[in-house]
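Input: a single structure, listed below in structure tokens.
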Amino acid sequence: MNTALAQQIANEGGVEAWMIAQQHKSLLRFLTCGSVDDGKSTLIGRLLHDTRQIYEDQLSSLHNDSKRHGTQGEKLDLALLVDGLQAEREQGITIDVAYRYFSTEKRKFIIADTPGHEQYTRNMATGASTCELAILLIDARKGVLDQTRRHSFISTLLGIKHLVVAINKMDLVDYSEETFTRIREDYLTFAGQLPGNLDIRFVPLSALEGDNVASQSESMPWYSGPTLLEVLETVEIQRVVDAQPMRFPVQYVNRPNLDFRGYAGTLASGRVEVGQRVKVLPSGVESNVARIVTFDGDREEAFAGEAITLVLTDEIDISRGDLLLAADEALPAVQSASVDVVWMAEQPLSPGQSYDIKIAGKKTRARVDGIRYQVDINNLTQREVENLPLNGIGLVDLTFDEPLVLDRYQQNPVTGGLIFIDRLSNVTVGAGMVHEPVSQATAAPSEFSAFELELNALVRRHFPHWGARDLLGDK
């Protein structure tokens, strides 16, 4: 046990009291992202070190690892606390998404350290999908780069509203206020094109030296703002899902014996209470909530983000992938939607292709009807393309094999987020965020069946010399 943790437990009056205090702290999930070698892993290592979250054996191991793999000369290489893969240590880069946990007296934190290299952008999107705040690192010597713009856009696309622009390595530019101001203005010019109402803050720091990370820097008297840790401890996070209508995707039908039948899952948004009238989609059958069962016993009500099991008063047909919502809410099932896609496979996404998709516990198939545009990350302009390449981001039209109940991703990430799965390899090849569900009334009927369209795409891809025409036409 490290000395800081031991002191906290002693101050709280014992382990049990300390654990209760931890449960009542708010939790902030954030990620670090930016271009390669901007110091993301070093920053996380510095946060863990300066908040005294490192155990003595870890510190001893870090001294030894710094001698073998370190890139900071005689100094401790704090990035090694996070870069766990052997390939990462040998190359001095981050490849996988690394998660770390730490806490202070004010708040608990879960950190996702994401890769900076462009070829690992898909890993970065994975890390951002569960976060509420993004720390965007910028090398003070290089300024705003393409990968900085890419990560900023992906973060906002995935619903992150709080951006902290950490201008790192200020020690290498002599802690220049002019450099900080120039980069700040450059980023704000770019950020004006980002979607949504964003909370953007700027902190000049040196992760290697510890300036403005957990304590105020004496080398930058011109900066009077908060340190990075103070920003993380005080930022107010308003969860969108709390104010949204009730959504409960069924993940598992729990029937341990003949006397109990419950529907387990995580409440995606809103709240549910005993006695509430609920409706099951897509069947439309209604019932009342008889019990809300949790690990700690029965509850009278539950809120977004809580894992619960609902018991209904009636025995009705409900299976994995069904959605429960308030009975008085009208939410029609749709068979088409426009989806913002981050593509993660070497094989490009092309019109006519079909994939398995998973959304809120539901698994079905979807066909790509067309690609409206791909976003140019450098200037956020939209351009027409025939396919979406690896790490490409664009708006895609999908048609599903069966009606689905969808929300816009910005309203509800659970019922609006989906993944694409290759049907042969079973590998996840893309992430999608529902931009707009297309109602049945406005969806244009297809002249051809899903099988005919898929066969047509297969023939055109593998036998182009046959000259088969595109059945999708101008779609």
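Positions of Cβ are set from backbone N, Cα and C atoms, glycine also.
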Candidate ranges 92-96, 287-291, 312-316, 397-401 [criterion: Swiss-Prot lists as region 'G2']: 92-96
Lys40 (GTP binding site), number of other Cβ atoms within 10 Å: 31
For Gly34 (GTP binding site), the three-state class that DSSP assigns: strand
The region 'G4' (168-171), counted residue by residue under DSSP: helix, strand, coil: 2 helix, 1 strand, 1 coil
